[in-house]
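Undergrad: Submitted below is the structure of interest, expressed as structure tokens.
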Amino acid sequence: MSDLYPVDPAFAAQANLSAADYQRDYAQARQDPDAFWGQMATRLDWYTAPTVIKDVSFDLKDFRIRWFADGQLNASVNCLDRHLATNGDKTALIFEPDSPDAVAQKLTYRQLHARVCQLANALRNLGIGKGDRVTIYLPMIPEAAIAMLACARIGAIHMVVFGGFAPNSIADRVADCTSKLIITADEGLRGGKKVPLKANVDAALKLPGTHSVETVLVVRHTGGAVDMQMPRDRWLDAVMDGQPATCEPERMHAEDPLFILYTSGSTGKPKGVLHTTAGYLLWSAYTHDVTFDLKPEDVFWCTADVGWVTGHSYIVYGPLANGCTEVMFEGVPNYPNFSRFWEVIDKHQVTIFYTAPTAIRALMREGEAPVRATSRKSLRLLGSVGEPINPEAWRWYFDVVGEARCPIVDTWWQTETGGILITPIPGVTDLKPGSATQPLPGVVPALVDAEGHVLHGATEGNLVLLDSWPGQMRSVYGDHQRFIDTYFKTYPGMYFSGDGCRRDADGYYWITGRVDDVINVSGHRIGTAEVESALVLHKDVAEAAVVGFPHDLKGQGIYAYVTLKQGIEPSEALRRELVQQVRNEIGPTATPDFIQWAPGLPKTRSGKIMRRILRKIAENAPDQLGDTTTLADPSVVESLVQNRREA
Ligand code: PRX
């Protein structure tokens, strides 16, 4: 299981960081964080350089997380303006459209800068300024990056909603952060299918709580017909037209908010994860550089969507702050055929490719031929993110995609962490398939037992971080107490990730998955509570309990136990209605894979649903139910086991 893939000496010889450099940096970041991060901060351009570097206490009585607090800077200036003098004509974005027959578009740093400034000016004219929240609901097109950077330029806080989310999810988020303006497109295009983005926004804005929205800017993308409601709705090209190609940036304090991104937790509605300007920007740039051994001539491609944190950190802020050339892909891995990823790599001579295990598993299922039909000679490094990668998929990625030539960086991190925390460094770390390996400098992981005792040596436990790093989230938007309660109360004095993890005898970390009520479906985080709320909205549903179960392609699937109201009979039609209900409420990513009709749910005498038991039934492991003696009615379990999904 734990076979070792030692660092290739040829890779190490050209790598930016040596093993000795890593050891030195790790030790210095631990012993003298002010000196280490003070030095690292010089990789950003500041109006006022920070003199106070780390100001952190995880102590609940004196809680604070501040980095570079007296510094001033602007994130868009760091991603654009500072490259203009020497690299203005370097390609920043290569846009590869959904259809391979459409023409790829290249934007240099100078062109990107001009478009960002024009949109920033337009936003200012529309009354948007520092601290205002702007919602972005766009497909994977250059305007997504332009919109984010235009917000950053004028100090507006962007809140990106994934293009796959339904109107209800848009409305909840818009209402929670009281957004004044939404940037969307007529339609999205994925795998040849149109996504009615503007129509979804229209539907969202009919829902309660969304009256804060004054303006909707619409990108003309597919040219599909949309309903423009004047004066609320404006075409984006029309408002940008004639705007100057320069725009005075807002001077931001290091701890001014940069963006909000909603993510699912174990309870309640998604939380607005708040990231601030300097620490986040530095962390995304630093980790992008170190993890991917970045060279000026690299062509980087991260296949994530900008609607997720991976797109924020490794499509927008990290790569652009580093002056990198990168691919932005609108499409999907299986359209028009299963060679698409590899064809795009050949077409744009991609050198670093960063994707998710779910995509690798789906492509692996199609066999080697679609890969072998392409060259992939340009590739020198591969990356994985979003969920544990099973060793079989890792080996296929390594042997078939990378032809045993490219190291794989399996990067563990979260929306909350802002950027990568645990990962191999190519040229430094020997690889083990399925292990995220070792922490980056500044990252102090530990494993704790249920009581919060730190465990030593080779062991398994809950993954916590004992100290802060600059990219850490700063708050839950509008609810700072929820931030503290969610992450710092379970184990006082530590940040709790919600992940379980094993550490082997070599000190390598192996993430085993979430230990809370969060399901990771194809690398997308879904809270069981959200799916349950969507199900019980249906008039025929009395109660619902949702758990994850192992799924060959998606990593985890969604398994729902549904109790119907008295007198309602289960039927295929009702099952379909319930699935549709969840899709309408949340979006297609939350589609239940299996609904089991449950005459009753296993509960303790105090009425608490015993999810441990439901998980085991969903996993098809009815012999591992454990202690059921505390159940109010043990016969419920027998009936569920008898009617469970067949493996
Ligand atoms: O369970 C871990 C899993 O994804 C969770 C974070 O999800 P999200 O905030 O949506 O961010 C995804 C992109 C960083 C984590 O708590 N996860 C992420 N990367 C890995 C992983 N699990 C194992 N290995 C990884 N490389």
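Cβ from N, Cα, C; glycine included.
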Undergrad: Going by the ATP site in TrEMBL, where Gly386, Glu387, Pro388, Asp410, Thr411, Trp412, Trp413, Gln414, Thr415, Arg514, Arg525 are listed, which of the candidates Asp399, Asp499, Asp504 is also part of it?
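TA: Among the candidates, TrEMBL records only Asp499 at this ATP site.
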Undergrad: Which of these, Asn168, Asn322, Asn334, Asn337, does TrEMBL list as part of the CoA site with Arg190, Gly191, Gly192, Lys193, Thr310, Ser522, Arg583?
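TA: Checking Asn168, Asn322, Asn334, Asn337 against TrEMBL: the CoA site match is Asn334.
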Undergrad: Listed binding-site residues are Gly191, Lys193, Asn334, Thr411, Val541, Arg583; which sit with C-beta under 6 angstroms of ligand 1?
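TA: If the test is a Cβ under 6 Å from any atom of ligand 1, the answer is Thr411.
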Undergrad: Provide the number of Cβ atoms within 10 Å of the Cβ of Val541 (Mg(2+) binding site), excluding the reference atom itself.
TA: 21
Undergrad: Quick check: in three-state DSSP terms, what is Thr415 (ATP binding site)?
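TA: Reduced to three states, the DSSP call for Thr415 (ATP binding site) is helix.
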Undergrad: Return the single residue from the binding-site residues list (Gly191, Gly192, Gly386) that has the minimum number of other CB atoms within 10 Å.
TA: Gly192
Undergrad: Going by DSSP, is Gly191 (CoA binding site) sitting in a helix, a strand, or coil?
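TA: It is coil.
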Undergrad: Checking the contact step here: among the binding-site residues Gly386, Pro388, Thr415, Arg514, Val536, His538, which have a Cα within 10 Å of the Cα of Thr310 (CoA binding site)?
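TA: Hits: Gly386, Thr415.
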Undergrad: So of all those binding-site residues, Arg190, Gly192, Lys193, Ser522, His538, which one's Cα sits nearest to Arg514 (ATP binding site)?
TA: Ser522
Undergrad: Please count the residues of the domain 'AMP-binding enzyme C-terminal' (530-608) that DSSP assigns to helix (H, G, I), strand (E, B) and coil.
TA: 24 helix, 27 strand, 28 coil
